[in-house]
Structures are given as C-alpha cells and as structure tokens.
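Undergrad: Sharing a structure below in structure tokens format, with a few things to ask.
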Amino acid sequence: MHLTLENPLDMHLHLREREMLALVAPCSAAQFAGGVIMPNLVQPVDSLERLRAYRAAILDACAGEPFTPYMTLFFRSYHREELLAARDEIIGLKLYPAGITTQSESGVRDFDRIGDTVALLEDLDIPLLVHGETDGFVMEREREFLRVYQWLAETFPRLRLVMEHITTAEAVELLDRYDNVGATVTLHHLLITLDDVVGGLLQPDLFCKPIAKTPRDREALRQAVLAGHPRLMFGSDSAPHPRHKKECCGCAAGVFSAPVLLPALAQLFEEADCLERLADFVSHHARRFYRLRPPHKQVHLVRAPWTVMEQYETLRPFLAGQTLRWRVEKRP
Ligand SMILES: NC(=O)N[C@@H](CC(=O)O)C(=O)O
Ligand SMILES: [Zn+2]
Ligand SMILES: [Zn+2]
C-alpha cells in the first residue's frame, strides 16, 4: 500500500548550524516540501542579514533536494521599517520568554513592553509564533501562559498568533475561543506522556520543553488532531542535541524526531482509522493559516516495516530501535 502526500510541511523545526545542519537537514528535506525554521541559534537570527545567511546555509545543506525554508526572525523590539524590509522574506517572528528553553536567553523578559512590536505585526499582517511557557512549576508552565495568549488574541484581534508545540487540554480549548489563533502539535506530544520520560528509567531522549504532560492532555491533543481541527498544524519541534549533551548531567531539552516523522504519523493516523486526514494535518491546515503556496513536491510512503536506526551519527533519534509500519519511499 502506498500513500502520496502533496507538499507536506513541518511548521516548527530546528536545523541548527554547520555540521549539525549538514547532518539533519537532509532528514527533513527527504520528507517535507518545506518547514518553519526556528531562529534560536547560538547567535539568535534577529537581523535580515543573519536570516539571509542562514537561509542560504540551509539550502546548501539540503544538497539539491527541494525544500523551502520558511524563515523566522527572533522576537525583539523592531522598527516598522525593519519589519517592512523583512516581511517578504519571513513567515513570522518567533517569541521566546527569556531563558525558558534552549538558547532563549535574549528572549522577552517583560511582556508589558512587547505591545508596540506586536501592534506592528498585526498591522503588517506578520504572524507571531510563541513558545508559551512561564517560569512556574514545570507541569503548569503552559497552562499559566495561556493568559498571555488570551491577552494577545484579544488585544490584537487581527494578529495571526501561533501557540507553538501545545501540550495541554486547556491549550486545545483556548484554540476554539479565538479564530485568529492557531497551534502546532509535535509527534512526540501525540505519542508520549511524562510517564515515558521519567516513569521508569530516565529517558533523556524524551526530555524536551514543554515537558510531556498527562494522559488526559495527550488524549485531548490526539482527539483534536485526529478529528481534523482546522487550526492545528503539524510542527515536529525536532531539536537535535548530540548524545554527549543528552546523556550527561544537565541533559539538554529537545527530541530529535526528524528521521521518523511521516512514518510515525502515518502509523498513528492509520491506527485511529483516519489516514485520510493526515494530509490536512501535515499540509492543508498550515497552507490555509499561513496562506502558503509551496512549490509542488510529492512525498511517497509505502506500508512496509522499517526499523528506526539506534544512532544517527552523533544523535539518537526518537523511537530508536522501534519498528514502524511505514517508511518513506525514495523515488528517483
Ligand atoms: N523543544 C525543546 O526542548 N528544545 C528546543 C527549543 C524549543 O523549541 O523550545 C531546542 O532548540 O532545543
Ligand atoms: Zn519551544
Ligand atoms: Zn522548538
């Protein structure tokens, strides 16, 4: 059995730089027509100059495989002229609360001071993508942040706002209260709960921000995604860290899921008996919300068992060693 996806998109992706970029970009380019590229490099991507250089490096790393990098600028205070100049080259601005996740130290410290820049985004119709967590208790960070999303959605009703990598039932509920709000959901948050991370032997590969939540939260995410909620978009948040940064004291946050995304998603949708909705989740919803017209690209899956590699160079992928029912078919 075969499955052909037209223009699958990964709406939240970390590709890093240099050797790591060269290593991971082909995994995404083999499965997706494009992806939203996160700007949290060691030196954040917060200028048009840096963004152009990064974009060129990404295209280079894809080595001829067609892949559209939808670039984001790291949120800071911007002038109208800067945003006007960048508008045609970005898909949005990415906001991180300071220090809340990997390489976010130069993020926002005072949310009372972001209004001017957000008003410009609304006016210029540039989407705002947000890592929505407070610095509260780790299991409550996303729920606590929902009041910020609410404030943004109500104060800037024409702003297109994306809640990145949502993990809670309450975030799913919030989505239904505002037409201008969308959200990305990762593969791993559809598959695991906190139990998988810390319930047995500690699994550093599964440690990420936001941390995986309860079975009830996972169920709410699954139900909304599998029912085809039109403003839920697939965003892997594939976030590679070398094994020596994962398997050590002070494990870095991030799940490297890029090699397994479409096979594992196909399996999940098939098990829920709604394989026909996969294309909506991995492409149509994002195309509609962001008004994208990616260059045409088909990705083919075949229903044949495939065992995920234990190791991918310096990385250990999500679902390492597990056998999946689908694999990506390479066609010349
Ligand atoms: N998700 C993560 O745990 N880590 C991401 C950052 C992020 O998306 O928050 C990373 O860049 O490593
Ligand atoms: Zn994040
Ligand atoms: Zn991320």
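Residue numbers in this text run from 1 along the chain shown.
Quick reminder: no glycine exception, Cβ is built from N, Cα and C everywhere.
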Undergrad: Given that TrEMBL annotates His14, Leu15, Arg16, Asn40, His131, Ala253 as substrate-binding, name the residue from His2, His241 that shares the site.
TA: His241
Undergrad: Name the residue, out of Asp205, Asp217, Asp237, that TrEMBL lists for the same Zn(2+) 1 site as His12, His14, Lys94, please.
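TA: Looking through Asp205, Asp217, Asp237, the residue TrEMBL assigns to the Zn(2+) 1 site is Asp237.
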Undergrad: Given the recorded positions Asn40, His131, His165, Asp237, Ala253, which lie within 10 A of His14 (Zn(2+) 1 binding site) by CA-CA distance?
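TA: Checking each Cα against His14 (Zn(2+) 1 binding site), the hits are Asn40, Asp237.
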Undergrad: Going by Cα-Cα distance, pick out whichever of the recorded positions His12, Lys94, Asp237 is nearest to His131 (substrate binding site).
TA: Lys94
Undergrad: To which of the binding-site residues His12, Arg16, Lys94, His131, His165 does the lowest count of other Cβ atoms within 10 Å belong?
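TA: Fewest other Cβ atoms within 10 Å, among the binding-site residues His12, Arg16, Lys94, His131, His165, is found for Arg16.
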Undergrad: Cα within 10 Å of His165 (Zn(2+) 2 binding site): which of the binding-site residues His12, Leu15, Asn40, Lys94, Ala253 qualify?
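TA: His12, listed in sequence order.
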